[in-house]
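Trainee: This structure is in structure tokens; I'll ask about it shortly.
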Amino acid sequence: MNAASKTYDVRTHGCQMNVHDSERLAGLLETAGYVDIASLPADDRGEIADVVVFNTCAVRENADNKLYGNLGQLRPLKQRNPDLQIAVGGCMAQKDRATIVERAPWVDVVFGTHNIGSLPALLDRARHNDEAQVEILESLETFPSTLPTRRDSAYSGWTSISVGCNNTCTFCIVPALRGKEKDRRPGEILAELEALVSQGVIEVTLLGQNVNSYGVEFGDRLAFGKLLRACGDIEGLERVRFTSPHPAAFTDDVIDAMAETPNVMPSLHMPLQSGSDRVLKAMRRSYRSERFLGIIERVRDRIPDAAITTDIIVGFPGETEEDFEETLRVVRESRFSSAFTFQYSIRPGTPAATMDDQVPKEVVQKRYERLVALQEEISWAGNREQEGRELEVLVATGEGRKDRETARLSGRAPDNRLVHFALPEGLAEAGRPRPGDMVTVGVTYGAPHHLVADSAITGGVFAVRRTAGGDAWAALQEQGAEGAVAKPSVSLGMPRIGAPETVETSGPACGL
Ligand code: SF4
């Protein structure tokens, strides 16, 4: 059967790495002739796409129940339509491998985190041989940025600077599933950024499990700060963000680069995980709370407007009330603008999963509620401090669920706070900002989780700056079918500069 007329649907779970990998899966499928089902008018989409791809995550509690639940829902459809193909990739696939086709024999393809480029060939082979194909590699064959990509946004993009992680945090499955850290060469990254900007992208997020250790592989410990500074030389690149840095590897040259490079945004997401030194040790995170607070102090000193966000795990095995109080202390002192808070849950395959002093669920729940209440108070106070400020907002799609009811538009401030803003009454269509444009507005209210900037209603500040990002978004809308989701066309993978043909990684770090 010819793939040319077939539709696909990539369903993504998990972190930004997966979101970006899904852009590559979409790029690969488009290059092979498949069509994104969301790009068709709603009436032409049928019951389901011809190929459904799950890009899975293994870190959340019940990740496997969710996956098998999702697969179970497709079973009757597959029984009715044997031509439907179901593929499972991502971290659960890397972890469970052939078990997936044993538990869900109606799955056609299982592929791992190291071989996403094989998906179209595996789909063909499964169709041709009428047999499920399971292909999991232990190490990266090709850096994924060399694959074609179909980006989700016209004006904003992700760029991987590294994949994998050399740390061995005891709660984390990443080293086991994504392998040791592999760094891309700066020249390749910058070439990709230039290419993105030439297509209208004005904001990029540099992605890596541990961006501060970027460069260790090719012998330059200062490479990340240098990369940020080099981003500052790319004309047309208005906003640079990155995620995530590790506190143990955070060096002051990165703070200097952030402070001295105007297009590097004043926002920092730095995972704390716990404020207790004892728990950090058990987590095998090699920094201590004083070091963490020291980084925050230096960032605030050099970049006073910086918004700092974090991740915190509550109820790690062995966490006592005293340990938890330490987390509350560090949270109070850090004044995070927001925090992703997680209740510890056993992730099979991690060292922490077999620690015997697991904290009872009720205790974890209570501590979690106390932490969330404290952080909400801090977030809200921080947002109220923004009232009266003028901010330049990058207008975005999909950020404001209530925009239609409230007649506002939404976007992100430089420090990454979510902003909902009103338009001046009677604004002509031609003066309306498009997603990808920049709008300067005044903050009128700091809500717990976002800012409201209704300055335009009372005749206050409201200035639209049209950007190449807005132009790129508008051009896409003209191409897209009515009611369909318009996405940028597929860009070919970036050529490698001086990188070896095959990148080998060593065995998993988590002992799986
Ligand atoms: S730094 Fe720790 S938590 Fe982060 S990916 Fe590496 S092992 Fe996992």
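Each residue, glycine too, has its Cβ placed from N, Cα and C.
No curator has checked TrEMBL annotations; they are predicted automatically.
The feature [4Fe-4S] cluster 1 binding site is assigned by TrEMBL to C15, C57, C91. If you look up TrEMBL, you'll see C165, C169, C172 marked as [4Fe-4S] cluster 2 binding site. Annotation comment: TrEMBL describes 6-128 as domain 'MTTase N-terminal'. TrEMBL lists 151-384 with the feature domain 'Radical SAM core'.
Mind mapping these onto the model and telling me what they sit next to?
Mentor: Within its own chain, C91 ([4Fe-4S] cluster 1 binding site) has G14, N18, T56, C57, A58, V59, T113, I173, V174, L177, R178 as residues 6 or more apart in sequence whose C-beta sits under 8 angstroms from its own.
According to DSSP, C172 ([4Fe-4S] cluster 2 binding site) sits in a coil region rather than a helix or strand.
Across the domain 'Radical SAM core' (151-384), mean pLDDT in this model comes to 95.
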Trainee: Work through the binding-site residues one by one (C57, C165, C169, C172) and point out the residue whose CB has the fewest other CB atoms within 10 angstroms.
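Mentor: The binding-site residues C57, C165, C169, C172 were compared, and C57 has the fewest Cβ atoms within 10 Å.
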Trainee: Let me check the 10 A CB neighbour count of C15 ([4Fe-4S] cluster 1 binding site). How many other CB atoms are there?
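Mentor: Other Cβ atoms found within 10 Å: 18.
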Trainee: Looking only at DSSP and grouping its letters into three states, which state does C15 ([4Fe-4S] cluster 1 binding site) belong to?
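Mentor: The residue in question, C15 ([4Fe-4S] cluster 1 binding site), is coil (DSSP, three-state).
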Trainee: Which binding-site residues among C15, C57, C91, C165, C169, C172 have CB under 6 Å of ligand 1?
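Mentor: List returned for ligand 1: C165, C169, C172.
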